Each structure stands twice: as structure tokens, then as C-alpha cells.
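In what follows, a structure is listed as C-alpha cells, so that the remarks can point back to it.
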Amino acid sequence: MGKRSRLRKKEHQNNSKPGGRDNRDNAGWGAGYADIIKENKLFEAYYQELGLVPEGEFDQFMAAMREPLPATIRITGYKSHAKEILHCLKNKYFKEIQEVEIDGQKIEAPQPLSWYPDDLAWHTNMSRKILRKSPLLEKFHQFLVSETESGNISRQEAVSMIPPLLMKIEPHHKILDMCAAPGSKTAQLIEMLHSDMDVPFPEGFVIANDVDNKRCYLLVHQAKRLNSPCIMVVNHDASCIPRLQIDTEDGQKGTLFYDRILCDVPCSGDGTMRKNIDVWKKWTTSNSLHLHGLQIRIAVRGVEQLAVGGRMVYSTCSLNPIEDEAVIATLLEKSEGALELADASVDLPGLKWMPGVTKWKLMTKEGQWYKDWSEVPVNRHTQIRPTMFPPTDTEKLANMKLERCMRILPHHQNTGGFFVAVLVKKAPMPWNRRFPKLRKEQSSSSVPQPEDSPVEPEAGDQAKESNVCGPPPNKKMKRHGFKEDPFVFLTEDDPVFPPIESFYDLSPDFPKINVLTRTHEGKKRHLYMVSKELRNVMLNNSERMKVINTGVKVWSRNSDGEEFGCAFRLAQEGIYTLFPYIRSRMITVSVEDIKILLTQENPYLSKLEEDAHQQAKKMGVIVLKYRPDNSNPDGPQCPIELCGWRGKTSIRAFVPRNERFHYLRMLGVEVFRDKQGQGPREEEKEVKEEVKEGETENGNKDVSPKQELRGENRGDEHLKGDEREGGGENLTST
């Protein structure tokens, strides 16, 4: 038996003992860390000496660091259903759990974050243990899980929501998220791009990057929930992320400069001690010293690719000035006036924060302090660098206005610790001065590069030429991880389009050139769409960047569809992108129709109301459209579009499971699963009888509520791949 196998076996044995993994899962928000003592003398000594915490508050600061972090949720702001979700939370779930006591712990009603706009973010003291184990809160927990999967709610730490809000994003902005995984901030950026849901293709886009190939797929999962054609996930080392080329409006090749950049760099994470409890055991000052150089390299690469007039938000979940103000000061000093710190003090009213500091010291893990570079012994010059100390020139230091940086302390608003700074680019970086400036009248974030213009020097090249301290030379791109299928754009005269255009009566302005597939040969199984701007980026940079995922699926092949004249059915995830261009195949349905379509797998056409029934008889693939009824304030006040398919005698909605739950809740139907191993509840038994009676009447197969909810006996074996994914099972409702 190899060493790894022995370790795995030992770990399994430990986890099966009392106090092992099974017990740690029941340990509340800090599950898995029950054996870690929340003490670190070096941490306390370091931060007490630095004086970052206001006088007289250090004990409160340390007490807060030892408390579990409140659970925080954010309602996605760009969805047309955001108000309905908020209404559902406020008037149903929050009312039900007010002032409940469980195991002696008082459950307070969730409260909105005072500084987050429109009451779209909430926090509560409920632990994971209570959410998962308490019958009283079981439905609320299932609601959170289901709505998270369908992209309507994100579970995200409060302080993590701050950087995107400070970026001041508009729908036309080109945005780079340099270190994006796991993707909660990326999701915010996408939402902001889609602030106007009537515009299916905003001019802007988000390029989300991460160095870890596996974490990129986590990022894809987060982004895909939002069904946006304006997001692309790439896999690069952020410190040398490639400069991209695009076609400009005048037909020339230009370099892509971003309007907004989020630079949330890797850090020591000592602000996350409340949720990542193992940081208590692992924390030393060496962590910050090791990361400082990488943080500078990533930030330098960011400002190089920022458009003049653009904003870059630099953030860490560390409180250490070595990772925070020291990096910002280095950037400002290198920029020679090209960058300045923006005053963001009024951007988030209600947020409590401490201004950045202008004085700090450095401590080794042995407890040795150094006030400036001159005190550092030669044998430590490889671990400790001059950029880790405050600038010695007092006038230069004052002009940097480091007090505009924002440090969030945990005890002020019951959050994690965080640091954020907003940089505005006033001119090209000194090593890029030969490159043409961005003209104010240009709407695009690209700059045409004349043929006789020299190649733009990078910061690493400049350091090599002048022998000055700076970022290392640029690395050659290496491709690791899973090899992705190609992204193949279709031409306007591709033979796949005529039947689709005719069948769906697509409007003349439908952008066919934005449609892509993932194969060069054979039948096209799925068709995806990206925005015009992302298409421009992809076509010009196929050899420069490693694309993990992009585009939203809009059509899927369905062999049964050929008898109706079109081999492709609509995909639910792309309906908001396609809907403005579809001029036929739409039927208007009522609230009762949608309830039937979402709770029964293949209801007979006769079950629909007469108007919808008559419309559906005339077509195969359909878009089921609901519009709010102003005369019925109790009904959903948001539009709903569902993809469907009519058979000979029945009709089906191609809606994924969690989206079914979502829409049914919007219609006032509560849908939930019973705990595994337990029988159906009384309400479920009643529904079971109703379902059995209705299905026997129609001759459909009887399916029990537990089987329905587990996805068993779904009756969709005849569907292939993604078609099965879209088909839902009968759902239990109360």
C-alpha cells in the first residue's frame, strides 16, 4: 500500500470516530474546525503594534474575529424577477422564522445590509447547522439552495460584495476580472452589465480569468447560472495575462484596453478567520511577505491593460498593510502620476470603514521588527523588499493620499475583514508612453495601433532593459488542464439558418454571425450565442488565450423536430437572449396554465385553458409567455417566458428542475422535498392523490411524489443528452 493510500485510510478511520468529519459537519458555521483553538499570539501582537484598530477597540476586534461569520445572501439585481424574490423573502420566509428559538439559540429575523442598494443583500445569525437540521427552517434552506442554483440568489460574504459596487459599471463597459474564481464578484459584474433587461446584448462584456484550471470550472458554474452572452472564462496567470487584439471600427487592428478591472488578488486571508478557522493555526507574517511580489505583478499587469479614464479596484481579504497600502504605494510610485487613488467615501453610504494608513512596520515570523529598508540585514534581502515599506519621501507620501484606501474591520458591522482601493488611470503608464492615448471621443476601449508604431513595451521588458527593480520578464503561455472543444462561429449563409429563420420567423436584425457551435465536423448538437464584442475578441485572439467557456445556449437539436420543419428546439437558458428576435411560435398562458406545465411532466393539451389550448394546437416548438395582470395584485408581477414542445396530444415545458421551483414559487406555489428516508408529509399525500387521479384520467403513468422529486421515473429516456437535462419531473406542491 502506497503512502497516499495509507494516509487516506487513516483519514477515513479518523473521520468515522467521534469528533471526526461526521461530527464536524454538525458543528455549525465553523463545521470541520472544532478542534482548532482560536488563538494566535503573533497575530495579536502584530496588529496591536501596527495600530490599525482604533484605540480602545482591540478587545472588541479580537472578540469579533472569534465569532462565527453571519450568513449573507444577495438577490441578483439584474433579473426581472428580483423584486418578486425580495417580496417572497420578506413576506413569507422572513416572517415565518422571526423570533424562533432552536436549541436555546434565538433566531433573529434576517436584516438588510444597510449599505447595499435596494435591499438586495441580507445577513442573518443562522448557522449552517440550524439551516440544515431544523424542520422549521428546512423549507427556507431548500428555497436558498434552489434559488441559488437557478441564479436568482447568491450566497456571498458581505465584504466580498463591495469591490463591484465601487467600480461604477455601465452596460457598455469592457471589464476584466483578473482573479475571478470562485465567481461571486463576477456574477455581480454580469448583473450590472444587464441592468436593462430589455437589451439582450449589452455593448460591454466580462472576461473572467483564473490561474487554476479546476477553479475555472467552478467559475463557469457560477457564471452560467446568469445565462449571459457577455461573459467569457479564460485560464491564465494574471501576472502575465496576454494583451488582446481586436478589430476597430475603422477596420484596423487595435489593442483592447478595459474600462473597468477588478484586481482581487491572492492574499494571506487573515480577514477571513471568522469562516476559514484554520487561518488561526497557519497565520504568520511570512505569508504576506511571500505574496507581496505576486500582488504587485498582478496589479501592474492590470493597470497596463486599463484604459485611460478607467477604474481598477484592488482588493484583498487581508488586513496587513504589506499586502494592502504597500502594494498601492508601489503602484502609485511606479506610475509617476499616471494613477491616482479615487475618493470612494460617498459611494457606499452606511458602510463603516477605516482610512488607509501611511505608517507601518514589518515583522518577521520570529518577531523581529523593521521600520524601514535600511534596517533589514543583507541575508534577508531576498525575503524582504524595499516596496514593503512606506515611501520615505514625506511629500510624495502625502500626494499619494493613501487615506483614501478603505479597510473594513470585523467588529464594526459584524463582517469579515477586508481592504479595497479604487485607482483611476489618468495617463498611459510611464513604460507605455510611446503608445497612443485613448481619445475621449472614442466609445470603444481600444486604441488603433499604426503600422509604424513600435511594439508597446511591457513592465517586465523595461525592467530587463534598465536593470531596475520591477516585475519579472513575461512568461510564455503554457496550456494546462482539460483540452476544450473548439469555438466555431457560423457564417451568415450556413445551411443551419434557413429552417430556423423560417420556423421561428426571426427578425431581420437577428445577429447570425454571433452564433457559434463547439464542433468543426458532424451534426451541430447545440448552438450558442455571444455578444458582437466578445466575438471580436475571440476571432482575433484564438492563439493568445485559453478560453474555458463562453456563450449562452440558445438552440438544441431535437430529432423529433424535423417533422415540424426545424431540427432545433429552443433552450430555456437562452430564452431571454432570443426572445426579442422571435416573431412566431408564441402563445400567451395564464397563471393556471403555467402551474399545470410545471407540476406535470406531459400534460394533455386539453388541460390548458381554452385560449392557450387553441393556440398550442397550431404549432410544435413554442414559447409560453406570461405577462403580469395588473388587475390581479396577488399574481406574479414579473414577465415569464418558458420554452415548450407540443406533441400530438400533450405539451411539455423544457425547464430545468430548480427553475421550475423558482417559477412555481413566483406563482404562489410552495415546492419542497422531504428529507431522504422519511415518508411524504400530509400535504404531499393529498397532492399525490390529486396527481394520481388526474394522471389516471389522462392515461399517463402514475408517479409518486418522492419519485417525482428525486427525478425517478421521469419518462424522458427517449430524449438525448441536453434534451433530458431540460425536461422536468412532476413536482410536489403544497
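Placement of Cβ uses the backbone N, Cα and C atoms for every residue, glycine included.
TrEMBL: automatically predicted annotations, no manual curation.
Database features (TrEMBL):
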- 1-11: compositional bias 'Basic residues' (COMPBIAS)
- 1-26: region 'Disordered' (REGION)
- 61-426: domain 'SAM-dependent MTase RsmB/NOP-type' (DOMAIN)
- Cys179, Ala180, Ala181, Pro182, Gly183, Ser184, Lys185, Asp210, Asp237, Asp264: S-adenosyl-L-methionine binding site (BINDING)
- Cys317: active site, nucleophile (ACT_SITE)
- 437-480: region 'Disordered' (REGION)
- 675-727: compositional bias 'Basic and acidic residues' (COMPBIAS)
- 675-734: region 'Disordered' (REGION)
Measure from the CA atom of Cys317 (active site, nucleophile) to the CA atom of Ala181 (S-adenosyl-L-methionine binding site) and give the result in Å, rounded to a whole number.
14
Given the model, what does the mean pLDDT over the domain 'SAM-dependent MTase RsmB/NOP-type' (61-426) come out as?
91
Sorry to bug you, but what's the C-alpha spacing from Cys317 (active site, nucleophile) to Cys179 (S-adenosyl-L-methionine binding site), rounded to the closest Å?
13
Could you state the CA-to-CA distance between Lys185 (S-adenosyl-L-methionine binding site) and Cys317 (active site, nucleophile) to the nearest Å?
13
Please identify which of Ala181, Asp237 has the densest Cβ environment, defined as other Cβ atoms within 10 Å, among these binding-site residues.
Ala181
At the level of the C-alpha atoms, what whole-angstrom distance separates Gly183 (S-adenosyl-L-methionine binding site) and Cys317 (active site, nucleophile)?
15
Sequence gap of 6 or more, Cβ distance under 8 Å: name the residues on the same chain that satisfy this around Cys317 (active site, nucleophile), in order along the sequence.
Val159, Ser160, Cys267, Gly269, Gly271, Thr272, Gly416, Gly417, Phe418, Phe419
